[in-house]
Amino acid sequence: MTASGRTNPYSIVSSEEDGLHLVTMSGANGFGNGKVHTRRRCRNRFVKKNGQCNIEFANMDEKSQRYLADMFTTCVDIRWRYMLLIFSLAFLASWLLFGVIFWVIAVAHGDLEPAEAHGRTPCVLQVHGFMAAFLFSIETQTTIGYGLRCVTEECPVAVFMVVAQSIVGCIIDSFMIGAIMAKMARPKKRAQTLLFSHNAVVALRDGKLCLMWRVGNLRKSHIVEAHVRAQLIKPRVTEEGEYIPLDQIDIDVGFDKGLDRIFLVSPITILHEIDEASPLFGISRQDLETDDFEIVVILEGMVEATAMTTQARSSYLANEILWGHRFEPVLFEEKNQYKIDYSHFHKTYEVPSTPRCSAKDLVENKFLLPSTNSFCYENELAFLSRDEEDEVDGEQDSLGPQARRDFDRPQAGTALEQRPYRRESEI
């Protein structure tokens, strides 16, 4: 039978909603009772899908004073419109303040009276009212220097105020430029181009049940020293009866073996082996459908352009973990390079041979593992690819040199989905 005549027993799950409608059914190894298990109501997320923490601070003592004491961090953290409004008000307040001071000096010196009445040299030339004093304040702080108004040696106080306003203007400018540059250079936005899969999966990997999720980098610039970590968050009651609403338990992603450090050039599947030390060791597929927990995944590294540390976060609720699924391949070899097809990044396919028991029961040999030579989705892709390559080679051999060149030309423009792919493990 040819590759095109084979039936594909693996169903593709392309969205989060499809994964939530999966039912437990009897697999090839006899696990499962065929009943539909209803999930409990979804708990509130501690970390949202976009990485934001779902928390709100309340009843904080001296919140305003504490935020004002760290004014620079406050200006960097607030929204752009508020930061620009603050600096605009700061400039306007300084201009008004020194404008009022110069106006008071002029009033005290009698500069607002006609020059013929007193015959003295004014403290500030061409200042005959508050508006003129305000314009002189703006010219002094911004160093515009139109030339109509200037300070004379008649009033040392006016000279001192010009020096003071120049210093205040430099301080405001430096603070504003520093805050804007720090806000623009923050690595927070770099996390927007770091991608996590919509779902996590549980499947066999080298004979062991593993929790897996996928991460990817949408930019060609690298994340230096990239490493991942994960935590399981769920409510817990201690032996003394204390209720902990968000108990955090570390999930090992290969720290001892160095597997937590990744070279994030192409999408990588992060793996957590469900062993005796795993908090998921006693959870089966049926338990997963009714359990209440959240897995927070974190990707950290340095931005290549700025060497600043960035952090991307996401989370998976229990109903977002697909038992008995694997991720579709996204990395394919094409001519002299590798191509990444992000249209398959979030897609998974079901593997019915995955045991439905917990890893604990699997270790205790209560259930038999399926054959390691069982047919899988990647194998089918590889067979289809080889069959198509053989057909193409056969057609090319039957053509002449000129016809062979004509045959190769449209193949270079074939869409990515139509080109022969190799299995992910062969690349």
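Each residue, glycine too, has its Cβ placed from N, Cα and C.
What Swiss-Prot says about this protein:
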BINDING   Thr143  K(+) 1 binding site
BINDING   Thr143, Ile144  K(+) 2 binding site
BINDING   Ile144, Gly145  K(+) 3 binding site
BINDING   Gly145, Tyr146  K(+) 4 binding site
COMPBIAS  387-396  compositional bias 'Acidic residues'
DISULFID  Cys123-Cys155  disulfide bond
REGION    387-427  region 'Disordered'
TOPO_DOM  1-77  topological domain 'Cytoplasmic'
TOPO_DOM  184-427  topological domain 'Cytoplasmic'
So which one is it: of the recorded positions Cys123, Ile144, Cys155, which has the fewest other Cβ atoms within 10 Å? Ile144
What does DSSP assign the residue listed as 'K(+) 1 binding site', in three states? coil
Sequence gap of 6 or more, C-beta under 8 Å: which same-chain residues meet both conditions with respect to Gly145 (K(+) 3 binding site)? Glu139
The residue listed as 'K(+) 1 binding site' and Cys155 (disulfide bond), compared by Cα position, are separated in whole Å by 21
DSSP-derived structure type at Cys123 (disulfide bond), helix or strand or else coil: coil
Looking at the binding-site residues Thr143, Tyr146, which one has the fewest other Cβ atoms within 10 Å of its own Cβ? Thr143
State the mean pLDDT for the topological domain 'Cytoplasmic' (1-77). 63
Separation of alpha carbons, Ile144 (K(+) 2 binding site) and Cys123 (disulfide bond) (Å): 19
For Ile144 (K(+) 2 binding site) and Cys155 (disulfide bond), determine the Cα separation and express it in whole Å. 22
